[in-house]
Amino acid sequence: MYKLVLIRHGESTWNLENRFTGWTDVELTPTGVDQAKQAGRLLKEAGFEFDITYTSMLKRAVWTLWHCLDQMDRTWLPVVHSWRLNERHYGALQGLNKADMAKQYGDAQVLTWRRSYDTPPPALEPTDPRSERGDLRYAKMNPEDVPLTECLKDTVARVMPFWNDAVAPAIKLGKRVVIAAHGNSIRALVKYLDNIADDAIVGVNIPNGIPLVYELDADLKPIRSYYLGDAEAAAKAAAAVANQGKA
Ligand code: 3PG
């Protein structure tokens, strides 16, 4: 049996301000740092060890990983960064307040933008100063591959090559893996791992900074999955995420 740990970053400044973030590179808040440290303590107490770690190109996930590893005294572990683990791109919504958008467009529209499988938010113009095209960290990418918006389906499509080419082979080689990523890049992985239908993924919300443990069989099919620590607190935190898009 294999174990895989997924962790959404701790609370970010734009989580606190309830703003759509996507590929915008915002910091953790002090609460977010505490959540990341707590995740590391939980992993340590439960006896988890890792051989390789994966994260995105965005500092809220990177710092979350580092704080976790620091609590485990494992900052020497290899870290692989991939844009494929970045948050889902939120298009022209990036920077806007989620509750304000719900007041303006209605809860149902915001729920569609946030949680539908295949309806992307309005796209950014490539010339919009908020666009990440031209950002040095993505310089090796084909500029057209730097998204201007994404629905979850698009996110699944770019996360899966990374799963298939990097993560799954590492797990099968016996490497113990932790992935520190984002609400929707983790939803993409959870959808794939748990084989969740397109219309059921709308109800899945990932809380900040709580390790999500998967026990996988030899074919990497889940045997079970659970949040480490207080299950009730994790469920409450996931419900709070769901409510962020209401007027
Ligand atoms: C964001 O990008 O705004 C958040 O990290 C995830 O947002 P969501 O829960 O509204 O999809």
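Positions of Cβ are set from backbone N, Cα and C atoms, glycine also.
TrEMBL lists 8-15, 21-22, Arg60, 87-90, Lys98, 114-115, 183-184 with the feature substrate binding site. According to TrEMBL, the feature active site, tele-phosphohistidine intermediate maps to His9. Look at TrEMBL and you will find Glu87 tagged as active site, proton donor/acceptor. The region 'Disordered' annotation in TrEMBL covers 116-135. Per TrEMBL, the feature site 'Transition state stabilizer' maps to His182.
Features as recorded by TrEMBL, highlighted on the structure.
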residue : record                                          : Cβ within 10 Å
Arg8    : substrate binding site                          : 32
His9    : active site, tele-phosphohistidine intermediate : 31
Glu11   : substrate binding site                          : 23
Trp14   : substrate binding site                          : 20
Gly22   : substrate binding site                          : 25
Glu87   : active site, proton donor/acceptor              : 27
Arg88   : substrate binding site                          : 28
Lys98   : substrate binding site                          : 23
His182  : site 'Transition state stabilizer'              : 27
Gly183  : substrate binding site                          : 22
Inset, instruction - Would you mind reading off the Cα separation of Arg88 (substrate binding site) from His182 (site 'Transition state stabilizer'), to the nearest angstrom? - result: 8
Inset, instruction - Please list, in sequence order, those recorded positions from Arg8, His9, Glu11, Gly22, Glu87, Gly183 with the Cβ less than 6 Å from ligand 1. - result: Gly22, Glu87, Gly183
Inset, instruction - Just give the helix, strand and coil counts over the region 'Disordered' (116-135), going by DSSP. - result: 0 helix, 0 strand, 20 coil
Inset, instruction - Determine, to the nearest whole angstrom, how far the Cα atom of His182 (site 'Transition state stabilizer') is from the Cα atom of Gly22 (substrate binding site). - result: 9
Inset, instruction - Determine, to the nearest whole angstrom, how far the Cα atom of Glu11 (substrate binding site) is from the Cα atom of Glu87 (active site, proton donor/acceptor). - result: 14
Legend entry - Rounded distance in angstrom between the Cα atoms of Lys98 (substrate binding site) and Glu87 (active site, proton donor/acceptor): 16
Legend entry - Rounded to the nearest Å - Cα separation of Arg8 (substrate binding site) and the residue listed as 'active site, proton donor/acceptor': 10
Legend entry - DSSP-derived class (H/G/I helix, E/B strand, else coil) of Glu11 (substrate binding site): coil
